[in-house]
Structures are given as structure tokens and as C-alpha cells.
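Here's the structure we're looking at; comments come further down.
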Amino acid sequence: MASRSSTRIPAPLMLTIWIALALGCVRLTSSLDGRPLAAAGIVVTGDKAVNIYTSSQTGSIIIKLLPNMPKDKEACAKAPLEAYNRTLTTLLTPLGDSIRRIQESVTTSGGRRQRRFIGAIIGSVALGVATAAQITAASALIQANQNAANILRLKESIAATNEAVHEVTDGLSQLAVAVGKMQQFVNDQFNNTTQELDCIKITHEVGVELNLYLTELTTVFGPQITSPALNQLTIQALYNLAGGNMDYLLTKLGLGNNQLSSLIGSGLITGNPILYDSQTQLLGIQVTLPSVGNLNNMRATYLETSSVSTTKGFASALVPKVVTQVGSVIEELDTSYCIETDLDLYCTRIVTFPMSPGIYSCLTGNTSACMYSKTEGALTTPYMTLKGSVIANCKMTTCRCADPPGIISQNYGEAVSLIDRHSCNVLSLDGITLRLSGEFDAAYQKNVSILNSQVIVTGNLDISTELGNANNSISNALNKLEESNSKLDKVNVRLTNTSALITYIVLTVISLVCGILSLVLACYLMHKQKAQQKTLLWLGNNTLDQMRATTKA
């Protein structure tokens, strides 16, 4: 039950895996396509799988440093074995003393225990300075104290065996594997062969192999003499000590071969010495390795920017360095919580940041939505390689093709030039000669131009210049405001008091009333005058008719 609990997936990791599975139900759209972005100076350099991990699995590896020789060959190997044994004791005694001092610092009194615990740590490091990592290592060492004691009770049987690899389970709280790199050599060379070897050859072969192993031990523990028990051993050091037998422990702890190659480069598999016994030459190391959950539908996409030509000068695109995509959602990924390898990201937590609609539109292929910053310096490399091809700003540097010979020119308005093996086989840039083997397919957009509205300033010097211009504009506006105030000051304030305003209003109303009355009177007089004119005209016409009638009569 105890060994099974050591490999159980922790609750936080299980919760993260369930979240990842839920996200995996979202149907994936096409991944971030860098081909339309290359001509705009935005290059997708690669993808990495995103994994979540926690360091929770532990197991012990007991390294048998002194091999058992066959009875008929003990006399021949006695001299090199005795010299090897003395050297081992000299090399590893500081390690054993350091482990013993830290483990003996544990007492039953809480406060006393803490003081002795810290004192043991400070006493075992150079200059009395204990780092957080060393305190953590010491804490782990004390927690493994009981397991180390149980291993020591079995030391005689472990030392007496001729097996190169076997499990040790009697009374141990976690998986333990006893391995012997030198015992493996002895078994292969002497125990499992019928070939007769003379004593001189046996002495020579054993001596050479023991010296080589001592060299590896010195490489592992030599730099750690100042604080030997508090420095973690890397996976490379563990393989040096245990040889290929290290795989047996890792496999027992549930680490598959498909994960092993990636985890080796991550540095997440570490070991801490927990015991050293000089009598039997046994070295115990507690191995810690992570529980890893793979987020199947999440990967990190890395972006790089190349200097591009604009009408405002040279600039670079404002895009995140790393983005992640799940379904149709693209967000910036914070990798400060992650450990990177060539193919994977191992993160203790996933932290993402939303992007503005403009950047999102830019990364999905709409290059007219991309924004650029005039922050590229004169020494910035104006080119980058991509899968055997080159993306270069041929306005900043001379793009000279050696095969076929010629100069590659960049058309007016183009941001960068896409150069592949179809346009040039051997390219020379700033004295660097590159042989091109890749090609840009039809999906790579060309002749992309950057508009003035897409270029902004973000550099300190550029911002200072813009602030200076803004300050000048503000100063001019203040001068105009002062002139306006001076003109307003010349106005007689006494004419603008309350009583004067009331008088002005009353006079204005009276004037309006008089004007209206005058207009009405004028209209009345005009109407009356027209009526009189009509009456006179009628009388005249009537008199004329009477005179005509009289004349006819």
C-alpha cells in the first residue's frame, strides 16, 4: 500500500487533467498558421507540447560501490580492490558525515529541533550560508531518515548479493532498488563466462574499470565536498553512478520510455544522498521525479519578429513571444512557471493572458491589423532562417546571391523578402554564407506592405521625442490661452454685474416690444393706405363711366 501511494496522482494534478480533458472536447480549428505572417516579419519558429507536473514520486536507489569477486579470483583482484576501497572511503566520508549530522539534528522537542536543524544546515555549508534549496534538501533528507535506517538494517544482505539489480522491499516505505554498476562488470567479465583468465589480466582489467568508476564518482561528488548532502544530483549524475540499471527504478516508478528522453533534458529528475556506509560501501540516493499530465489539445507556439521596412523606417511587430491555442481561443502564454525542453513545456501551472482584438486578428492572418514598433536598433540582425529558407530585410542589408550570381532587390513598399532555394541556392548576408534548401509554398503571402497607421513608438527615445513634441504643443496652447486671458482682463468688469445685466435684459425686452408694435403699426398703416387707394380708384372709375354715359346721351 505504501509503495502504491507514492505513485498516486495528486489531487491538484488530477484536477488539472480533468480540466484539460474538458478543454479537449472543444473541436480544434486549424493551428496558428505562420505562413501568411512571414512576409509581415512575424515568424513561427516552432511548437511544443504543454504538460502539467508536480514533483511527488520518490524512490530509493541503493548503489553497491564495492563488487563481490568470484572466490577463485578474489586473490587476483585483492590489491586493486583494497586501493579502490580506501579511495572510496576518503572521497565519500565527508558525504556520510554531513548526512549523519543533519539526521542526528532531529529531536523530540519542537523548538529545540528547529534550532538544531538550522544549525546543522548552516554548519555544513560553505561560509555558513544556507540557501532555500539547501534547507529544502535537508528537510527531505530528514524525512527519508527512517527509510535510510531500514536500508542500513539490510546492508549486509545487499552487500553480499551478486545480483546487479534487485528490489529491496523488506520494511521500506517506498520502492527501493539495489544496483551495482561494478557488480554488473564483474558478472559480465568473470561470473558469466567460462573463459580462463590469468591473474595478471584479471588484476589489470579490474584495476582499469575501478579507476574509471572512481573518476565518475569524483565527477559527481568532487564539487560537492563543501556541502555534499545538500546538493541535488542530476539525472546525468545518477546514470554515472548506476549505469543503465537506473532505467529499472524509473520504469518501476511508472516513467515510460516516451517520457524519459524529454524529462532527462528538463532537469526534473533529481536525487539526494540519504546514506553512506563505509563498511559495506553502500550509497543510498532518494530519487524524485515528477507526475506528468499531458494536455493533449494544448501546445505552445513560439513567435519571433524580423525587422521590416516601413515608410517611417525600420520596425518590428508587436506580438507575444509565446502563444497557446485551444479550439478557437488564442492567448499569450506565460512560460515563467514552465521548464522548457526541445519538444515539451513542463509547467507547475498554466497562466495565460487575453490578447487585444487587433493582435488576435493579426495572428490569424490579417496582416493589416498588425502593429509595429520603431524600436529596432542599427545592430539588429535584419534576417532570420526558417526551415532552410531566409526571411530578410534586403533594404537594411545587401542580399547577395552567389548561385546564381546576382543581387536580390526588395520592391518598394515590401516589408521583407522571402528567399528560398528557387530564387537563390547560396545566399550571402553580411559576410555569412548560407546554402538554402527550403521553399516557401503558395500559402506564404508576399508583397506585404506596412501602413503608416500601423507603426507606433514604444522605445524610450522615441517616446521622449513624442513627449517633447506634445509638450511644445501644450506650451503653444498655454501661450494662446494667456493671450486670451489678457484680452478678457481688459473688459470692464463693472459692466457685467447683476444689476447691469438686469437692466440690459429689461431694455432688450422693451426694445423688442417697441419693435414689434412698430412693425404692427407699419403693417396697419400700409393696409389702410392700400384700402384708400382702392376706394379712390373705384370712385374714379365710376365717375368716368357716368361721363361716358352722359356723352352718349
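Backbone N, Cα and C atoms are what each Cβ position is placed from, and that goes for glycine too.
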Cysteine of CYS394, CYS424 paired with CYS399 via disulfide, per Swiss-Prot: CYS394
CYS399 (disulfide bond) and ASN366 (N-linked glycosylation site), Cα-Cα, nearest whole angstrom: 28
Number of Cβ atoms other than its own within 10 Å, given for CYS523 (S-palmitoyl cysteine): 10
List of residues, in chain order, with Cβ under 8 A from that of CYS347 (disulfide bond) and at least 6 apart: VAL50, ASN51, ILE52, TYR53, THR335, TYR337, CYS338, ILE339
Distance [Cα-Cα, Å, rounded] between CYS424 (disulfide bond) and CYS362 (disulfide bond): 29
Counts by DSSP class (helix H/G/I, strand E/B, coil) across the topological domain 'Cytoplasmic' (522-553): 31 helix, 0 strand, 1 coil
